[in-house]
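One structure is given below, encoded as structure tokens.
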Amino acid sequence: MADDDLRALVDSLDDASQEDLAKVIANFSVDMLQRASALIGAQQGSSGGQLQNRTLQCQQQQQREEEQASLEALASGGKRILQCPSSFDSVLCWPRTNAGSLAVLPCFEEFKGVHYDTTDNATRFCFPNGTWDHYSDYDRCHQNSGSIPVVPDFSPNVELPAIIYAGGYFLSFATLVVALIIFLSFKDLRCLRNTIHANLFLTYITSALLWILTLFLQVITTESSQAGCITLVIMFQYFYLTNFFWMFVEGLYLYTLVVQTFSSDNISFIIYALIGWGCPAVCILVWSIAKAFAPHLENEHFNGLEIDCAWMRESHIDWIFKVPASLALLVNLVFLIRIMWVLITKLRSAHTLETRQYYKASKALLVLIPLFGITYLLVLTGPEQGISRNLFEAIRAFLISTQGFFVALFYCFLNSEVRQTLRHGFTRWRESRNIHRNSSIKNRRHRASKDYSLRSRTESLRLTSTSPIPTGHYE
């Protein structure tokens, strides 16, 4: 229906009918959004799901206000009042506000597990040109337990997980780079098992590096960096997914080696590489196409932190790569159970002490958990509110960000084969250095001896020619 036809229809209705029509249109749109929100909310129970639900609620509010404004404009002959549109800054959903005025909302009741006093107000200014100020003023929002103002983006409860993530990823990045250099430098370590380890290390390195770059991008992003932002997000999601698939490859290799021993030699590295690098590429390609055509909210702003890249926001489209990652973890859990069963059976048949059996089984389980990515399953869900939630978020940040560090620790630095190779390499280097040093000392001594002989002869001739004692025979 064209705008003229819709305007004519609205003009032909009385005021009560216009209000009924607005309610019908708004309720229909809200019902469709609520159905989508319920579907996603049933799938997600983490803090990311809560943020997504708040985003959808703001979308509902934005939809209602936009339809109401359209009907009001039609009723007034097409005249629109200049307003700032509804905007979600990751904390509060700011309603449509007349240009040149200050929007005022009660402080949030709870944010990141911290409860605040709702009797205070947060403010945000709508500029005369109909655009929002990038800064939302939360300075007056206080915790219920004290009188010290806490701004959300500088709250210790908010920043602690981010600090742990950053420290953990920096630590993992540094140790994994060293471990990868070790695997690539020594020919004695080049085998299928260590090649798979090296590829897993590489995915951890790239994921950690891109996470750090994405963190900085969220701080310095501008409208001119859209292409770079999208490229970085695609790369981050790709290597994020390759990490899970290479953990699956690790589980598959060890499963065929321990359980299905007859088929372990039938799988070549090319097959493993196609699984680890190829399957994630297909998933991310589909996700990128879906993300490119998906509708997005306007650019978000959070306490001066401008997030112009819509690809960074969580969406139900992300399940395109989250489902394969989850399946890889679940299959690895099955692999782990089967491998531990075979290991325990072999330990019992070896007639060793029971305490020794438990020790070996526990050690194997501890080593395999980070390799198979079971850490992600251990911190999949947790408390939703209060101090327990903050503690859980900190523990989850530590376990996830340092998983690469523990993989490098167990499978490189504490591995007996790697340590023996390093000792042999160090011994060869020291012997070569000693031989070179001894050879240098010998050459220096030889040169010094020749120089001394020449100087002695020259000195003798000089003394003979200048001596005051007569050289003739005494009478």
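Cβ coordinates come from backbone N, Cα and C, glycine included.
The domain 'G-protein coupled receptors family 2 profile 1' annotation in TrEMBL covers 57-145. Summarising the annotation, TrEMBL assigns domain 'G-protein coupled receptors family 2 profile 2' to 161-415. Residues or ranges marked as transmembrane segment in TrEMBL: 162-186, 198-220, 232-255, 267-290, 319-344, 364-382, 394-414.
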List, by number or range, the same-chain residues at least 6 past the transmembrane segment (232-255) whose CB is under 8 A from its CB atoms? 192-193, 196-197, 199-200, 203-204, 206-207, 210-211, 213-214, 217, 264, 267, 272, 275-277, 279-281, 283-284, 287-288, 309, 311-312, 321, 324-325, 328-329, 331-332, 335-336, 338-339, 368, 371-373
Give, as a single whole number between 0 and 100, the mean pLDDT over the domain 'G-protein coupled receptors family 2 profile 2' (161-415). 80
Tally Cβ pairs under 8 Å between the transmembrane segment (162-186) and each listed stretch (198-220, 267-290, 319-344), then give the stretch with the top tally. 198-220
With Cβ-Cβ distances below 8 Å as the criterion, list the same-chain residues six or more beyond the ends of the transmembrane segment (267-290) that contact it, or say none. 192, 195-196, 199, 203, 234, 237-238, 241-242, 244-246, 248-249, 252-253, 256, 317-318, 320-321, 324
Report, as numbers and ranges, every residue of the chain located at least six residues beyond the transmembrane segment (198-220) whose Cβ falls under 8 Å of a Cβ in that stretch; write 'none' if there are none. 162, 165-166, 169-170, 172-173, 176-177, 179-180, 183-184, 228-229, 232-233, 235-236, 239-240, 242-243, 246-247, 249-250, 272-273, 276, 305, 307, 309, 312, 371, 401, 403-404, 407-408, 412
